[in-house]
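All remarks here apply to the structure that follows.
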Amino acid sequence: MASPRWFWSVCAIAAVALLLVSKVPSASAQRKKEMVLSEKVSQLMEWANKRPVIRMNGDKFRRLVKAPPRNYSVVVMFTALQLHRQCVVCKQADEEFQILANSWRYSNAFTNRIFFAMVDFDEGSDVFQMLNMNSAPTFINFPPKGKPKRADTYELQVRGFSAEQIARWIADRTDVNIRVIRPPNYAGPLMLGLLLAVIGGLVYLRRSNMEFLFNKTGWAFAALCFVLAMTSGQMWNHIRGPPYAHKNPHTGHVNYIHGSSQAQFVAETHIVLLFNGGVTLGMVLLCEAATSDMDIGKRRMMCIAGIGLVVLFFSWMLSIFRSKYHGYPYSFLMS
């Protein structure tokens, strides 16, 4: 009976020894992993304290963003800011991204849960090739674990690149809420003060005759300008902050009309405003031709000009509508 007991005791001791030996490399690897993670976080915090948007090249991107371990998210803006790239949108997007990163860096909620970084094409073209990226600017959120999903790529053409819109997207992807604080802009108050001063000066100079305040033509023109601005999508631009236009980085072709019905460019607003103004002017000419007391020749010319303006600008307007709402069956003169 002693021999089996001795045998089983030796087996138990050997099993415990093997278990302890197997745990030693695992514990050592865990400590090494924690040390690497601590070094990466410390390095990122040091850079973020100096500059909220960390500039990265290929080596930094692979080591700090792609390679594990990570317990932080990195929102990376891929851009092309060099002058010879002629990317106007990249400059505008960079300004908004800097505002967002500064708002996070100097907020009371600032932690090491999320960092902001930037990869310029001329400093990290290998990163663009690695990610099969062929357009800029592009915003991607790299989560702490796993690869970025489709929703981790910011829809720039739909949302625009305003800091507030990017902050909402970041809150959806990381649960980190950032309150955007913009630097004070005194242009608006100065222009308002100048406008009030001009109006006050006119009222003072014409204080003996205030009939101009009851001028129907003046009020009608002001109301028409307001209506044209609102119907062209100016308020949407103010809320979303879209780019002025989009330049294809490969062909250099500039698009002023967005191809989707869910978004628009600032230039598109100006074009629609111009077309609406042309249709309005044509209608005014037609009304004047029908009701004025001028001779028949001038009235005929006004009628022809009015019809031409309405037909031409309405046809252009309808062609823009067809380009944005694919499958729309109707057209007029132009397709």
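Glycine is treated like the rest: Cβ placed from N, Cα and C.
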Arg299, His270 - same side of the membrane according to Swiss-Prot, yes or no? no
Of the residues Asn71, Asn215, give the one that Swiss-Prot describes as N-linked glycosylation site. Asn71
If one measures from the C-alpha of Asn71 (N-linked glycosylation site) to the C-alpha of Cys90 (disulfide bond), what distance in angstrom results, rounded to a whole number? 29
State the residues, same chain only, that lie 6 or more residues beyond the ends of the transmembrane segment (210-230) and have a CB under 8 A from a CB inside it; answer 'none' if no residue qualifies. 202-203, 273, 276-277, 280
Local Cβ density at Cys90 (disulfide bond) - other Cβ atoms counted within 10 Å: 24
Do you know the DSSP helix, strand and coil residue counts for the domain 'Thioredoxin' (47-175)? 59 helix, 23 strand, 47 coil
